[in-house]
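As written in Swiss-Prot, here are the features:
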| type | residues | note |
| --- | --- | --- |
| REGION | 1-55 | region 'Disordered' |
| COMPBIAS | 23-48 | compositional bias 'Basic and acidic residues' |
| COILED | 110-170 | coiled coil |
| REGION | 223-247 | region 'Disordered' |
| REGION | 273-343 | region 'Disordered' |
| MOTIF | 290-297 | motif 'Nuclear localization signal 2' |
| MOTIF | 310-317 | motif 'Nuclear localization signal 3' |
| DOMAIN | 397-594 | domain 'Helicase ATP-binding' |
| BINDING | 410, 411, 412, 413, 414, 415, 416, 417 | ATP binding site |
| REGION | 467-501 | region 'Disordered' |
| COMPBIAS | 492-501 | compositional bias 'Basic and acidic residues' |
| DOMAIN | 730-890 | domain 'Helicase C-terminal' |
| COILED | 987-1016 | coiled coil |
| REGION | 1050-1075 | region 'Disordered' |
């Protein structure tokens, strides 16, 4: 029924819809059927007639490709297992001898267990594929060795499709580097690994079940897993083997059922196109007003309101109704005056039902479900959790038993808050709870409190924020923002200076700490301001909601968060990884300090090899090394990152349909747009004399409404914001009219407050009931506005800025969403959608995204699609590019001619580009979509898990930007696999050479793992509340000389008040002061220089791009401290654990420069002590470095 309504509405708007999945499948089928066609000039020659060639069937080809990919990963994982075994053998390590849990799990035990399990699964998968192949072509199971010969015959006999040689452009700053020529040809090995790893690294059965929320990453790992105890009087922990098998089969059955339910509930996305586009106007027409002014319809009620208002011209926003404001006030007062807020708190009917469950449970001595190790989950909580949420609670308990933290990276709207609160409540129920702290955006403070009282009413919740204490707070927040766009800093910061009254929060903190169920909720800004108080407390748990806020390892808020005194740290984020490996390191260094070592070592041993391996001119050794380093890194981090998608779990979500509407520019918009493109400002942008963001901002304002350019001078004009001058507003007017008649309720998002002003005037003029929330909305009113909209059917529209409130804002009262203008960052648009389409939504959701055809907005949308193609299901939310290349800039500042009858939207070309990209990875087609209908591709989160992974190749021959290469190299495993096998075939044709390269790559990966182990060892000597050394900030894990230089300065904002040196007591060292010693700057320059030198050398001399263990092969010059200390340690170990000064000096004479002499001494003293006997003196390694 609703689909018919949508079709009728879209027909009235002059647009048509199409199913993107059908279109994509059609294009892929065409590309598969005609693999020998020329597409877009990317292939130079068509394939010749294949006579006398016995080609395998498509199914056999597919199985062969998968088999080859599995074999390649088996080799990589096997080397990791062997490496861990060697380290364990050298140290004589036995699992039973490990008494310190932290030391055990930060060592090699878990990595070895995971790698062994993965190896077992891969071998099982290999046998299965070989059996399938045997059944296909009638060979015996023992003939699997012939598959390699068959593949070589295929490669040999099948004519190769040659591409143009692409010359890598020589950067101006690297004039001395030699130019390499790379030939891109279709190759069976290239296709094999691409097809076999289209979803990332080869997905094992464990990986699939974890992704679908059925198992935890620690399933069946002895010493790590904490299973549900079986009900019954015995309540035994160790189940018989038969029960284990039955459990496995039941898990598989649940997985199949879950997959089928998820497939049925999977939402669809539709592609839309505007018809009857207006003809092109003359190049530059002067901006003009409409002769007919847009005024509010005259009615008796309106006239009465005007007379009542008198001369009052200031427009005030509508406030939530009195009953909703009173509700928030009662919540604040009740929780401040009572330790048990659940008896006083006003609740909704569903919340009252929850409290009744707890009251009944009190009378019956609450029943519970027990996990191994003693965690009791109250039955009233357990039965209300979805299966994947129960797995999440189990995973949190497994981390707790390891005294480690983790990242809950579930997709937005899957209930991360519920999982955390259920776990904390279970800890309290099991008598294991200590007062904990939750840090979140300011808009979510009351939502956290309400959810805590709903899911576990025994919590004593306190909010440390002025908005929850002072009724008058927020009155001074009405000043206009200097920025046109709401940002993270402007939307969710507290906008307040540090309070002069340092004892203001003492009583509140005492109430939390003195309560056995104390739970403190505060914001990131308050944590920074009140660091003296909050950082001196030993918390049970520290939870960061929207934890991607600490992705910058050197920012103040990151360093403050990392000083919280607890080993139990949880990050909640719907966008777990952004762009760089550095951001990955920062998040993991919070939840598991030292897991990835110190940042300089991590960058030198992992980031640089992975980055170099992603370059277009990387050698086979470099590419193979990058892959093996990525394998090591994956096994380190995956158990501590839980990421489930809506498409993979049975989340009981309603259907969601998303439309992308391409709107046409009005006459005024087009003339203004063309006038700007012809202006001197654009010329200055091209010349580099003006910031490009200025021009982009102007064009985006024109797309929204041309009046925004004259806001300061014309906002009082009665005709300001006339919807007839905006193509998108004309569409909004028609859509809202129909939705109002159909009884739907709407969320209307825009990025800017200025555009919200125009939309608000439009809503007032049409007498629509509405509410508004943006960065200037007082914090105390935000929850009341949300409550009113979710519970009052009278509210028709809620207008918001895209970023206000963060990812966790729940607006399920709406079932229609309009995203007025797209964001560079696709996650911002996604989070706007997720406000309505999440757990708790009872109706089907329809989303309209408005994009102005042929303008900057379509290019923004195009780049959103590009980002979705470049990322896999773990890295779902990359940021936009921070800069543009010259050709990108010129591409942005154009307007497509709408007068061309054959013109199409830029987005419609994505499909033809998709087919071209498919050709690059092995299948070819020059057949385009049969119609010239303009198409818009919107890759939603649930849809992209099914999308065909496509390797995006730079057509101009230049390497992609560094961030993209990192993503493709580490997690987009088909990119890694493809590069590995392609280069191996092109540059190393014989098996002996391949084996030699793999051996060398394995050695480099082993050295990287060893460097990380040593770095972790250094880091573990410091308290968990001391920030890890990043090369610029922190001191934990840094060499002693660096620690003296970098650790001597503390953050003045944390220590400038107070009488006692509490900050020094906690080891606070959040950043550098402006008066640092020159030697620190020199050290930083040397680190930067050596890192750049390592990359540069890796490009031209791949086989010497990584530090060798022998001194003779090392380069003379300055070395990174972490590299030098490893060399010293290795040398002394080779000498039996002790060496005299003369031998040490002679060995390092050619390695250490004169400027590094003092650094060398300090590093030597760090790992060894000088001992003397009657005849001589010698350096002896300290005990922790002997093995």
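Numbering starts at 1 and runs along the chain as displayed.
Here the Cβ of each residue, glycine as well, is placed from N, Cα and C on the backbone.
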Using a 10 Å radius on the Cβ of residue 411 (ATP binding site), the other Cβ atoms enclosed count 26
Residues sitting within 8 A of the centre of the 410, 411, 412, 413, 414, 415, 416, 417 CB atoms (ATP site), not counting those, run 574, 838, 839
Within 10 angstroms of the C-beta of residue 417 (ATP binding site), the count of other C-beta atoms across all shown chains comes to 22
Averaging the pLDDT values of the coiled coil (987-1016) gives 64
Residue 416 (ATP binding site), Cβ-centred 10 Å count of other Cβ atoms over all protein chains shown, is 26
Cβ neighbour count (10 Å, all chains) around residue 413 (ATP binding site) is 26
Row residue 412 (ATP binding site), column other C-beta within 10 angstroms, all chains, value 23
Counting across all protein chains, other CB atoms within 10 angstroms of the CB of residue 414 (ATP binding site) number 25
Residue 414 (ATP binding site) -> DSSP, reduced to three states, gives coil
